[in-house]
Amino acid sequence: MSSAASIIHLSPASAGFVKARTTTLGPWVLGAFLDCILLGVIFCQTYTFFRTKVPSAGTALQTYFRWLVIVVVFLSMLKTSQLIGIVWVQNVLQFANPDVARTLVAVAWWQVSVPLMTGIIGVIVQSFFCLRFFMLSRNWMACVPIVAAMCLGLAGVCLSMAAILAGQAKAKVMWLLVHLVGVFIADLLITSGTIYSLRKRNSGLEQTTQLINRLLRLVFESAVPPTIIAMIDLILTQTLGTKLLWHLFMNMALGKVYVVSLLYTLNSINEYRVREQSGSQDIYSYNSRRANMELTPRSATRPEHIFVQTQVSTHVSPSGTQHASQDKTDYLDLGDAELDKRSPYAQ
């Protein structure tokens, strides 16, 4: 069955736009689909976060966590609405008017600002992970390069947006590169710094080693995905050439992946605190089912283990003594184990 030729006469630029529609329109449509799917994941995680009754719900950090979640979820919904609007205008309102649709990517602020929304969400989430790293390391000098990389990334995306609106194609690509390099460096420094700080606090005690290893697993599960996506986005911007718009597919997902990582971490922290309050001495990743993480029951017929377990519990778990619990609250609130340095068993 043959199809009739179009009788719409297009300018050469618009004809090229329509011919290359898989590149000019495809990234926006698929990116919006993926963004909506990830927003559903965020809603589920947010429900879990507010449903969980945390023992320390009235503390300053828990209040900060709640407002942080509210802000990032609101921005996530705003970004999804933005992408739905872009797809609607391009593919519905201007369906028969490619002369207008093809220029939106360079002149419409609500379409140009998509990477800016991703950058703002990324900086907010990176600030949380940077704070967690500082609470673990207590070294503000180590946080300086992280904050500098975050500021570099945010400045880069703002200048890239300005270059697009000014019609400076080369400047746009250059500042986009600066933005993604800053984001990648910040993620890499946060992840590697957190892992290094956790390993430094390993005292050699078996229970402490298990706890730190599971915290390391949590770091990998929460911090590595956005780092990898930022790296892929960076590579795509430098290799796609005329198909540069396809990098937006990863860039749209990056903002949501940041929020998913944040909520995953907070839900893991809350689950740990609930288990700790109920007397469990183990730590789990959020909704994890791992056979090697089962808590071994203590036997009353093995008194030689009772003294050792009691000392390790006092040393690692905040439920051991009231004083040790208060000393480690900030670290555990941020998902990291802090050894009580005043204990002789921490030497």
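Placement of Cβ uses the backbone N, Cα and C atoms for every residue, glycine included.
Whatever TrEMBL says is automated annotation, not expert-curated.
Among the features that TrEMBL reports, transmembrane segment is placed at 25-44 (among others).
Annotation source TrEMBL lists transmembrane segment at 64-88 (among others).
The transmembrane segment annotation in TrEMBL covers 108-131 (among others).
Marked as transmembrane segment by TrEMBL: 143-167 (among others). A Cβ distance under 8 Å defines the sequence-distant neighbours of the transmembrane segment (143-167), meaning residues of its chain 6+ beyond its ends; these are 106-107, 109, 112-113, 115-116, 118-120, 122-123, 126-127, 130, 133-134, 174-183, 185-186, 189-190, 193.
Residues or ranges marked as transmembrane segment in TrEMBL: 173-198 (among others).
The domain 'DUF6534' feature in TrEMBL is assigned to 184-268. Looking only at the domain 'DUF6534' (184-268), the predicted model's pLDDT averages out at 86.
Marked as transmembrane segment by TrEMBL: 218-238 (among others).
Summarising the annotation, TrEMBL assigns transmembrane segment to 244-266 (among others).
Annotated region 'Disordered' per TrEMBL: 312-333, in sequence order.
According to TrEMBL, the compositional bias 'Polar residues' annotation covers 312-324.
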Positions on the same chain near the transmembrane segment (108-131), where near means CB under 8 A and six or more residues out = 68, 71-72, 75-76, 78-79, 82-83, 85-86, 89, 143, 146-147, 150, 153-154, 157-158, 160-161, 164-165, 176, 179, 183, 186-187, 190, 194, 223, 226, 248, 251-252, 254-255, 258-259, 261-262, 265, 334
Run through the domain 'DUF6534' (184-268) and tell me, per DSSP, how many residues are helix, strand and coil.
-> 79 helix, 0 strand, 6 coil
